[in-house]
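Visitor: Shown below is the structure under consideration.
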Ligand code: BF8
């Protein structure tokens, strides 16, 4: 007898997702949840981190011997070393993803300065000058392009081997920098730390788990204060600093009478151009000629977040919604750049009339239509993409279209600059609110999804629990759509908050959860923590702050978690990474890091308990600062 499928309501908390899971089943489309089930039970050795494939004497997988002692791999590596090496490579993968994204932005700025990217421009000259001055570049009485050229060089240099420390380390409180120097984790060059991580974990190098873990922290710091921060700052300079605006979320943003194009991935370089082309009257006229009302651009994942923050485009969904968006049957094209794009999107798109278009040479998918995107020809290529989508509209089968819910309103697009602006140009009103206890603390939630949890149950549950306790939540990445769907991204959402936070939200007309951008934009969060710590004359680890990723899944999320911890921000995660096969490594992650960095990881799969534990620490930190609990 074949097994009954798990009811959709057990897989996701959202009506739009439940309806599309049911439609996918009717349409014969396999989704992430089907494949997750097929993969059970997972490999225990891998789950514990006790497998090693770093050389060809193996692969090895180690367990307890009959005498109760732990086996070693063929080379002699013990469980602690194997777990630490695997973890180090995991962090290197995440850091490489963010940082290579950051490098792409440097290349775009370089092309602008060389007159080779006519479709792009410097949108925020003020920020260009501000950031350049911070990095020691002379800005007075100089031409914009001359400054930009120097900024390009300074950023490229941060990727290399010649620096003693990264440029943006100047934003880190002095006392924290001393900690990094003491433990030799001061990040020098982004590529250097990533390459050294790969070197250290080659057979026969770093065979001491503590040493490998410290370099993991250094690699992650190079991501946070290097690659990611460069990505964020240069994106702001090229495309503008996010400012709050109204938008909408959920699958209801897909319109039955429009040519729908979803942008997915992380880097705004392609999606900004696609959006600009979709707003071109010539393109709109073409879409209307094809029988549509117009062209609708919707966002998925972090490319969506980038455009949501700067351009207010609506968000169709987060990570586990990406396949389901196509299942609506109303999507003409999904245009992707890189990261977090399920390879299955090609197969799901093939079940409908949807064109799946890849644009990055480093992220090609068998079966997709590939347009090798080039900044020199960006606008023309974006037009070509729009024309493909319009052509696909003619192939749409309206009888297969089902848009399950109405869209929900949001206010999104906060940034440190927007926050300061809102506060009248100074952090003081925020600090006063923290001091008087209206805002008891701040938690940044990085919202991946993972089918190990009921989709978004933890993300939304945790955010609601925290705001009830007067803890302001900053949302980055995939929690954005979740928070939006839950009504937490509008000022009225503060009805769900505690009295203090509610008062502040009413006074400033802001939501209790502030959208702070994409995952790369967690650099805004650490920067903000640095600004607050400097303003109070304390270390970041003294602040009543948390990071959290309840439903994390990616290497990038672990890199973010580790750079937050190494910066002094404790981090909650819903499931452990693959380290639990080593008691030593697990103890370091949960406790030992606290002794070094003044912050560590908390693993707690229950969001109510997680919120309580986070609150406990916030109380302690407030008391240590001489504030009421
Ligand atoms: O970088 S939140 S699922 S889309 S990893 Fe991926 Fe996680 Fe989403 Fe953005 Ni971040």
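Cβ atoms here come from the backbone N, Cα and C positions, even for glycine.
In case it helps, TrEMBL gives these features for our protein:
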BINDING   43  [4Fe-4S] cluster 1 binding site
BINDING   52, 55, 60, 75  [4Fe-4S] cluster 2 binding site
BINDING   266, 302, 340, 448, 478, 519  [Ni-4Fe-4S] cluster binding site
Visitor: Taking ligand 1 as the reference and 6 angstroms as the Cβ limit (strictly under), which binding-site residues among 43, 75, 340, 519 are close?
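Guide: 340, 519, in sequence order.
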Visitor: With a radius of 8 angstroms around the mean position of the C-beta atoms of 266, 302, 340, 448, 478, 519, what other residues of the same chain does the [Ni-4Fe-4S] cluster site pick up?
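Guide: Apart from the listed residues, the neighbours are 301, 305, 319, 339, 477, 518, 554, 556.
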Visitor: Using Cβ-Cβ distances, find the residues under 8 Å from residue 448 ([Ni-4Fe-4S] cluster binding site) that belong to the same chain and are at least 6 apart in sequence, listing them in sequence order.
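Guide: Those within reach of residue 448 ([Ni-4Fe-4S] cluster binding site), by Cβ under 8 Å and sequence separation of 6 or more, are 319, 477, 478, 549, 551, 552, 553, 554, 557.
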Visitor: On the three-state reduction of DSSP, what should I expect for residue 302 ([Ni-4Fe-4S] cluster binding site)?
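Guide: Assignment for residue 302 ([Ni-4Fe-4S] cluster binding site) reads helix.
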Visitor: Tell me, how many other CB atoms lie within 10 A of the CB of residue 478 ([Ni-4Fe-4S] cluster binding site), whichever protein chain they belong to?
Guide: 36
Visitor: These are the binding-site residues: 55, 519. Which one scores highest on other Cβ atoms within 10 Å?
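Guide: Of the binding-site residues 55, 519, the most buried by Cβ count within 10 Å is 519.
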Visitor: Would you pick out, from the binding-site residues 302, 340, the residue whose Cβ has the largest number of other Cβ atoms within 10 Å?
Guide: 302
Visitor: Compile a sequence-ordered list of residues in the same chain as residue 43 ([4Fe-4S] cluster 1 binding site), six or more apart from it, whose Cβ lies below 8 A from its Cβ; state 'none' when nothing qualifies.
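Guide: Spatial neighbours, sequence-distant, of residue 43 ([4Fe-4S] cluster 1 binding site): 51.
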Visitor: When DSSP states are folded down to helix, strand and coil, where does residue 60 ([4Fe-4S] cluster 2 binding site) land?
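Guide: DSSP assigns residue 60 ([4Fe-4S] cluster 2 binding site) to strand.
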Visitor: Please name which of the binding-site residues listed here, 52, 55, 60, 75, is nearest in space to residue 302 ([Ni-4Fe-4S] cluster binding site), Cα against Cα.
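Guide: In terms of Cα distance, residue 302 ([Ni-4Fe-4S] cluster binding site) lies closest to 52.
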Visitor: When a 10 Å sphere is centred on the Cβ of residue 60 ([4Fe-4S] cluster 2 binding site), how many other Cβ atoms does it contain?
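Guide: Its Cβ shell of radius 10 Å holds 19 other Cβ atoms.
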Visitor: Measuring Cα to Cα, how far is residue 266 ([Ni-4Fe-4S] cluster binding site) from residue 60 ([4Fe-4S] cluster 2 binding site) in Å?
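Guide: Rounded to a whole number, the Cα-Cα distance is 35 Å.
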Visitor: Just to verify: the residue among 52, 75 with the fewest other Cβ atoms within 10 Å, which of the binding-site residues is it?
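Guide: Counting other Cβ atoms within 10 Å of each of the binding-site residues 52, 75, the minimum falls on 75.
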Visitor: Of 52, 55, 60, 75, which is closest to residue 519 ([Ni-4Fe-4S] cluster binding site) if I measure between C-alpha atoms? They're all binding-site residues.
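Guide: In terms of Cα distance, residue 519 ([Ni-4Fe-4S] cluster binding site) lies closest to 52.
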